[in-house]
Amino acid sequence: MSTSDDIHNTTATGKCPFHQGGHDQSAGAGTTTRDWWPNQLRVDLLNQHSNRSNPLGEDFDYRKEFSKLDYYGLKKDLKALLTESQPWWPADWGSYAGLFIRMAWHGAGTYRSIDGRGGAGRGQQRFAPLNSWPDNVSLDKARRLLWPIKQKYGQKISWADLFILAGNVALENSGFRTFGFGAGREDVWEPDLDVNWGDEKAWLTHRHPEALAKAPLGATEMGLIYVNPEGPDHSGEPLSAAAAIRATFGNMGMNDEETVALIAGGHTLGKTHGAGPTSNVGPDPEAAPIEEQGLGWASTYGSGVGADAITSGLEVVWTQTPTQWSNYFFENLFKYEWVQTRSPAGAIQFEAVDAPEIIPDPFDPSKKRKPTMLVTDLTLRFDPEFEKISRRFLNDPQAFNEAFARAWFKLTHRDMGPKSRYIGPEVPKEDLIWQDPLPQPIYNPTEQDIIDLKFAIADSGLSVSELVSVAWASASTFRGGDKRGGANGARLALMPQRDWDVNAAAVRALPVLEKIQKESGKASLADIIVLAGVVGVEKAASAAGLSIHVPFAPGRVDARQDQTDIEMFELLEPIADGFRNYRARLDVSTTESLLIDKAQQLTLTAPEMTALVGGMRVLGANFDGSKNGVFTDRVGVLSNDFFVNLLDMRYEWKATDESKELFEGRDRETGEVKFTASRADLVFGSNSVLRAVAEVYASSDAHEKFVKDFVAAWVKVMNLDRFDLL
């Protein structure tokens, strides 16, 4: 029978001939554009976490809901939960303290100070990949144990806050005094797609510590939070782990003392789990069958839980009192001699060979065992610098307690930004340098003050390009990941930002603005810098024939140099800023990808990014004053010329050299070079998504819309760190 007969017959019987195969016919299935073009520009990263994914709606106010919370009632419920052992996941020694501490630690421990991404501030442990990370085995059980409490308190407490608070309560209920707790972490409702977890395709692929210093990666192996507890690449060598430990904790902004305190404090309570071979453990939550309902790692070893639990494959209990705070970690570390052994699962660990059996069994009170340690625990004894700190903590338990309390607070709050974002009754009063503290406002300019300042700025002799450049340089350091940077504080005038190459032209305007501030005697330099941008944009729009008002919210303050951690602020120096046509290094990604990265850090959408780049170019705001991307003969006028000329087919573009970083736009008829451009310019004509937006702004009826959109995006960037306006 012919093919046509087959089709005819199936149609005759009421069956669609194209629906008879086994292909997945659901939305999103099949080969995607990224399968065909894996290097396609990730413009989609600018569309994350929209209201379309948020079930609470755009009017939901978490801070307002939190104010209704019975905070101490919640803590009381968490305390009770700690000792309410559940048969489906029995508690070690009748306490979930160690489990909840690990949950909080691993939620916060994804933070990287290099790019400010990761951390506990968004509740990302609920989603892939972190919910199925090899280092997060069994934390699905911790989150599920918390569900009745989350259900009870509803939206008055976010998952993100609850994870960290549960860790704090676990410590407190074990006899430890924490430094405090700041709430304010708002949940998101889908995975972060912008976090670069690394290029490795296989779990637990080893990375050299030197590589970590050059990339925004938080762990030494794909799928770990920090380092391999068995030593680098399962080496079993404590001393060789020191470099890896310093690299990973250093990437979180931790020094040696904080690192020692965190490792020891985190290993004072609880245990690891390796009752049997990890081959008995089933798929992670993302791969588990639907009937598992979001849980994973089901084990077929014995009962699979309690005494038979398998998590990391390591079977370590550090202290004699694993549910009560003590200094036993350091006492055992230095008191005994340690020999390498293997867990029942075959993982490398150490046992105190000369110790008596003093460690209680988690489920059988009649049993005892010898103290055990991870390979990386012994690093604190054998690395010379770590040893000095560890011996000091051994001899001064109070110093250890204080160091751990502060380091734990830093770990769990590092990605929350300034203290003004913290809410709740247990926020510490002390300002900490890593919070980028700011002084209290002493004066808020009146409307007349603002008018007078605008006149002074307009008459200062600074060009539109200079006014716009100085404001952008101040505000554009903001990072949406950890809420650092921004215009508030005027740290552009301080070290290290004042000396950054990218700011060389912008800071030339500072003496003029500082003089205006001095003469005003009231306004902050931070406000004046942003107001300079307002004046520049309004002048540029007026020159284009449009009378506009750029919104301005006063109230910024000026930070002092002693409130500015130079080393930590160095991390805000951009590798590239496509908005200013700046790129410092050519060995890191493509120029256009780095533009997307910068826009995502500034929480911009694709249209906002497009409008800002187009406007910055015609305003002549390139970092070095170059003409790259300045597709206009009327610089300083807020026109849509950038888009009109970029999309004009009269011009063809050719790279100036093999690097293909710079290009010339020549008239097709005369061959005359009309414009020059970078990849950050041409991407708006090359990438199909960005071109679609550029075509809107290049249209004959788009000038007013472009100016309106540019102003809205500009004001957004200027106010990104104005958490007091929320």
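Each Cβ is built from the backbone N, Cα and C atoms, and glycine gets one as well.
Feature list (source: Swiss-Prot):
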REGION    1-33  region 'Disordered'
SITE      Arg102  site 'Transition state stabilizer'
ACT_SITE  His106  active site, proton acceptor
BINDING   His267  heme b binding site
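Overlay of Swiss-Prot annotations on the structure.
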residue: Arg102; record: site 'Transition state stabilizer'; Cβ within 10 Å: 24
residue: His106; record: active site, proton acceptor; Cβ within 10 Å: 22
residue: His267; record: heme b binding site; Cβ within 10 Å: 25
For His106 (active site, proton acceptor), what is the secondary structure state per DSSP, taken as helix, strand or coil?
helix
Can you tell me the CA-to-CA distance separating Arg102 (site 'Transition state stabilizer') and His267 (heme b binding site), as a whole number of Å?
9
Report, in whole Å, the straight Cα-to-Cα distance of His106 (active site, proton acceptor) from the residue listed as 'heme b binding site'.
13
